[in-house]
Amino acid sequence: MGGEWGQSDICPESAQECTYVGQDHLDMDLGAITKYSALHAKPNGLILQYGTAGFRTKAEHLDHVMFRMGLLAVLRSKQTKSTIGVMVTASHNPEEDNGVKLVDPLGEMLAPSWEEHATCLANAEEQDMQRVLIDISEKEAVNLQQDAFVVIGRDTRPSSEKLSQSVIDGVTVLGGQFHDYGLLTTPQLHYMVYCRNTGGRYGKATVEGYYQKLSKAFVELTKQASCSGDEYRSLKVDCANGIGALKLREMEHYFSQGLSVQLFNDGSKGKLNHLCGADFVKSHQKPPQGMEIKSNERCCSFDGDADRIVYYYHDADGHFHLIDGDKIATLISSFLKELLVEIGESLNIGVVQTAYANGSSTRYLEEVMKVPVYCTKTGVKHLHHKAQEFDIGVYFEANGHGTALFSTAVEMKIKQSAEQLEDKKRKAAKMLENIIDLFNQAAGDAISDMLVIEAILALKGLTVQQWDALYTDLPNRQLKVQVADRRVISTTNAERQAVTPPGLQEAINDLVKKYKLSRAFVRPSGTEDVVRVYAEADSQESADHLAHEVSLAVFQLAGGIGERPQPGF
């Protein structure tokens, strides 16, 4: 389909097949939907839930879901009178999995009420499909006469091409038009949707447009770096054997005067996300396979669909140091704050974290940088939503997913300042203007974040070790406890306190008192019957002890099953 405008070849063959139900607004060709739905039949008894990451499961169970998400994207497009995105990916999951998520008009994640529609539609038995589609249309007052436009992207998994064809079948059977971008990183699809719905104000909705916008901003910034003359900057990038490698390779010549990238795990031989990628590096606290690291070399890892990034290096003694989302947010927000001070603008800047953010990062931001920090529930949509409340909102999850958002008023103000102010102030305003262009404000984006980080390190003349030394992470430990039913645990205060079962929070409070600089919290997993435990303290030994004791309390009070949690890691 190589990016052609399309009406596909599956249009109803004759007018006789058209069945109109009820009022004008139910103008759906139900005969054709039933017919084509049968070609994408749902396996009996399969139940899936649309979560933060959309749908994800084994690729062979997804054909019907893809077709139906094509249908849903058309309804959402008609309802919002906007272009909607459909991304076929399972991000950092193993290669044999796949998934799909819808992208709303401003490049953000699907609205919660439509997540429910997605779940309903995906799980409907064949004979109930028509009823569910009609229900959604009526509930959401969809005008079926309205034109619909859907853009589609996919990652490099072997199953992705066929599955994205199923999405196209769903779009066309409901009379929607589409543009198939083919292979894209997830954040690139978010970017395309945002561009198309802002009439090109945000940028040009092509891959070229994306490369040019970001690279131009990056090259402008690095030109102002005093150290770029004496050391040619280079970076090793682990691409998780995913789409990030393809896109970075296409893009690198645009920014090569400011940075040279060496790509590893580029998909030519390894398996997607296997022993590599941001998720592997973060959870195993070690470099990916297939990358030789000399001491003090800057390295980073993307995840499978290039929406997360973490940095790391080996020190002179060969010890591994991880620089995660917390430290990335700290570098970015400190730099933005310094630029604002330089320009003389008092805009409200906020950093948004989750309960998993290391206590040292929160302390450094609040006490040293004097930047306010806010905590939300886990999940990108909560962070993104909170960040929109500020003139400048920076959010990152510890796993390396994040970005910065700038209000329209701020963008206008900075543009003016870059034209009107004198010398030093003008230079700072110009920098900020370029930084704004360098961020993908639609979604966390590993390529964009990498260029932002590289530009800031160059401008500040910081080495990776100096960046790492901004603060020292408190030792921490994360554990999982198996329970019969995760719903017995409910939380409040951005998941930092347990409300039920009774007595659990009191038990945690008593345990925390035994250790210095300590805190701990528990929360139910969003996907399986386990409770996640997080503990931090002044030493690794204390953090391990605290995590173990909290796990025991969960096991006893929240219906633990199987073996009691054992000490030792």
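Along the chain as shown, residues are numbered 1 onward.
Backbone N, Cα and C define each Cβ position, glycine as well.
TrEMBL annotations: computationally assigned, not manually curated.
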>> Tell me which of 134-161, 358-385, 414-441, 470-497 corresponds to the coiled coil entry in TrEMBL.
In response: 414-441
> Near GLY526 (substrate binding site), how many other Cβ atoms are within 10 Å of its Cβ?
Replying inline: 13
>> Give me the sequence-ordered set of same-chain residues, not including SER91, ASP303, ASP305, ASP307, with a C-beta within 8 angstroms of the centroid of the Mg(2+) site's C-beta atoms.
In response: THR89, HIS92, THR185, THR186, GLY242, PHE302, GLY304, ALA306, ARG308, HIS401, ALA446
>> These are the binding-site residues: SER91, ASN399. Which one scores highest on other Cβ atoms within 10 Å?
In response: SER91
> Taking Cα atoms as reference points, which of the binding-site residues GLU397, ASN399, PRO524, GLY526, ARG532 is nearest to SER91 (Mg(2+) binding site)?
Replying inline: ASN399
> Hey, which bits of the same chain come close to the coiled coil (414-441), Cβ under 8 Å, at least six residues off its ends?
Replying inline: 107, 187, 190-191, 194, 202, 213-214, 216-218, 220-221, 224, 335-336, 339-340, 342-345, 403-406, 448, 451-452, 455, 459
> To which of the binding-site residues ASP303, ASP305, ASP307, GLU397 does the lowest count of other Cβ atoms within 10 Å belong?
Replying inline: GLU397
> Could you tell me the C-alpha distance between ASN399 (substrate binding site) and ASP303 (Mg(2+) binding site) in angstrom, no decimals?
Replying inline: 10
